[in-house]
Structure formats: structure tokens, C-alpha cells
Amino acid sequence: MRALLAHLLLCVLVVSASKGSRELQVPSDCGCLNGGTCMSNKYFSSIHWCNCPKKFGGQHCEIDKSKTCYEGNGHFYRGKASTDTMGRSCLAWNSATVLQQTYHAHRSDALQLGLGKHNYCRNPDNRRRPWCYVQVGLKQRVQECMVHNCADGKKPSSPPEELQFQCGQRTLRPRFKIVGGEFTTIENQPWFAAIYRRHRGGSVTYVCGGSLISPCWVVSATHCFINYPKKEDYIVYLGRSRLNSNTQGEMKFEVENLILHEDYSADTLAHHNDIALLKIRSKEGRCAQPSRTIQTICLPSMYNDPNDPPFGTSCEITGFGKENSTDYLYPEQLKMTVVKLVSHQKCQQPHYYGSEVTTKMLCAADPQWETDSCQGDSGGPLVCSIQGHMTLTGIVSWGRGCALKDKPGVYTRVSRFLPWIHSHTREQNGLAL
């Protein structure tokens, strides 16, 4: 009976505390940050908590709920990004597996480092950008996070309605730091097209990359479509940074016409005349519209001689291809890396590819053989700067393995196919020239 009365008395105290008389300000000794106020219960003064301003949260008001980007290297980033660059969820800093790592929520300096009872990305050890622990198989790995640098997020000065197609121009300057390479956003490669194939039942899978050469035309590789040549099977996305989720401002297109090169052939390894054209049209009947994330790429000039950059030139490749040839899945985030053009004399040496490489092809590789195009990058762009304009110099075609020594990536040499492109697109307005 006494125990019951004591329990009822405790309930009365708790209820009365919840009816407006529970809060009593105490000295700010509970570590509240960002203007938070340390509070306690009127009847249980040993229980403290932080009353946070509207845009902050967390036990100590240390989480900035309004922060969507990081500054510098992100050491002081306190936002709520919680996935890595492949879309995998971060582990909580107070989870049992993370408590065995160097950085976790139970460290004496956890609050200063932004660590706590959450799984938000942080940079406690001053790496180049925010990161988190991710469960990969049986291991917990440090992975960079899907959050952009504030310096890369500046809005264009011109309103969208004033934008026009200006081939080879982009709003962001890439930071070079596919196999190796760096995750990027579509603003760095706004001409990149992601091509998917429909399956019975409604599912879609990523097939290949492509490049927007005019508002209505995307160029890619014939080998991507040779086994399934029906145009109705394909859809094309422009302005997309992630493989299986939407990007703000992206556009979706049906394929109105699919043109495969009539002289395409494939040997044991090499692909010849590996080029294709896709005429795109939205359900509303429109071609692509220029934006911060959608832009055309320049084609080589038909009147320059030579019309390709010199061997040794650094060029960019972009795609959703596998990071290693043994990987089962494609990465979720778009990747970009830099390779250098390799001379035909070198690429035709016996320990490279010998006679399999023709003058309608280009070779490109990383001098250290650490980065390369790989499975899934096919059809995507090899882009080089020519007279200040990013120019489609090659199309990802074939190669042996990925980033193997003396086995560079081989690309369709776009300059050799300009008459073919123009004869089919009949673009004479300068956008595809």
C-alpha cells in the first residue's frame, strides 16, 4: 500500500511538471552551443537539457539543421548529411561497431568534434572533406560523404530563362584531386547523358553514357545497343548526378530515333566504327533545354588540321562505370577522372594493342595506370580543352581490363566521324559544329 501511494505521488509530481511549471533555468553547465539555454525540471533539478534555437538540434544544440554544404575541408561542418558518395547510410557515432574505431561519440572531445548520438557526416581528423564510417561487408570503412562544398554551390548570375546553349561551357570548375578518379556532380559535366534500358515488368537498368551534342541529339557507342536495337527500349536522362535517384533539374527523354553505325564490327577485343546517335524528345515533344546542369559539348572543328589535341594532352572521362572490373555494382554517384592521350605509335606496340588500334581510334591512360574508364563507362565522353572550349574528342569504346599497365582505354576518334554525324543530324545551326 505504501509503495502504491509513493508511486501515485511521483505521478502527480510528473504530471504537474508537464503542465507549465516544469522548466527552471539553471547555470549554463550542460554544454549548450549555438545560443542554446541550459534548463532543468522544477522537481528534478539534477536532470538538465538544452533548449535549442529553431534551426539547431541535438543534445547540445550542436547540429545545424539548416546547413546543406560544408566550408573549407568541413572540419566544422555540423549539418545532417548521412550517406556516403555511393548512397550508403552512415553508421551512428555511438553504435557498438563505431565505438571500436578511433573516432566515436564517447571520446572526451566528442562534442568539440561534432560527434554524438547521430550518424551525420563529420571531419574530426581534418581530411579533405566530411566522412563517416560505413558498413561494407564485415568491415567498417571510412567513406567520404554525399555533401558538397559551399564554394561549389554558387548560383549562376543569369536567371534560367536567359540561359542559352554554349557548347563546352560549364558553371563549375572541376577539382581534379571510373577506376580511381573522383566523385563529381553533373554541373562539372553538364553534357553527360545517362542511358537506361526498359525491361518487361517496368524495371530499368543503366546501360551506357552519352554526350549531348545539340538540343535533340546524343552521341554514344554502337556496342551499347547492338544486342537490343529497338529505340523504344531506351530512355535518356540529362542533368543527372546519381544513378538510381533523381537530381533537381534533370530532364527525361524518349528515344525518337536510334542510329547505329552501319559499318560497326567487333573483333575479339576491338570495336570498329563504334559510334551511335540518339535523337531525344520529351513526352511534351521538346528537346533539351539549357540550364546549369544541361549543356551541349562542342564537336571538333571540321576545318582545323590537325583537329585533335596533341598526344600527352590531359583530358577528362566521366561515367557511372564500375570502380574495378571485379565489382558487381555500379557506383551510385557520377565519377570523373583525368587521363592523357597516348600516341598511336605507342598504342600500336605489341605489348599494348598492336594492330587492333586503328586511326579511327584514340588511346588515353593515366601515366601511373591508376585511373581508367571501366565497364559501364561505355559510350561516355572523352573531353579535351581545345581553344578554351571543352570538346568531345573520344567516345569510351573498349580496352583490356581497367587501369592495367600498358593497356590504356581505347576511344572512338570523333574527328574521324564528323561527316557521318552531320549527315544524320543535319544540324546546321552551330550547336553541333
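Note that Cβ sites are derived from N, Cα and C of the backbone, with glycine treated the same way.
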### Query
Which stretch, out of 9-32, 33-56, 201-224, is listed as region 'Binds urokinase plasminogen activator surface receptor' by Swiss-Prot?
33-56
### Task
With C363 as one half of a disulfide in Swiss-Prot, pick the other half from C347, C374.
C347
### Task
Name the cysteine that pairs with C132 in a disulphide bond per Swiss-Prot, restricting the answer to C69, C90, C167.
C90
### Task
From the candidates C145, C150, C167, select the one that Swiss-Prot records as forming a disulfide bond with C69.
C150
### Message
Under 8 Å between C-beta atoms and at least six apart in sequence, can you list the same-chain neighbours of C61 (disulfide bond), or say none if there are none?
### Response
C32, L33, N34, G35, G36, C50, C52, P53
### Task
Show which residues of the chain containing C90 (disulfide bond), separated from it by at least 6 in sequence, have their CB under 8 Å from its CB.
S82, T83, D84, N119, Y120, C121, C132, Y133, V134, Q143, C145
### Message
Nearest of the recorded positions to C315 (disulfide bond) by CA-CA distance, picking from C38, C287, S378?
### Response
S378
### Message
When secondary structure is assigned with DSSP, how many helix, strand and coil residues does the domain 'Kringle' (69-150) contain?
### Response
8 helix, 21 strand, 53 coil
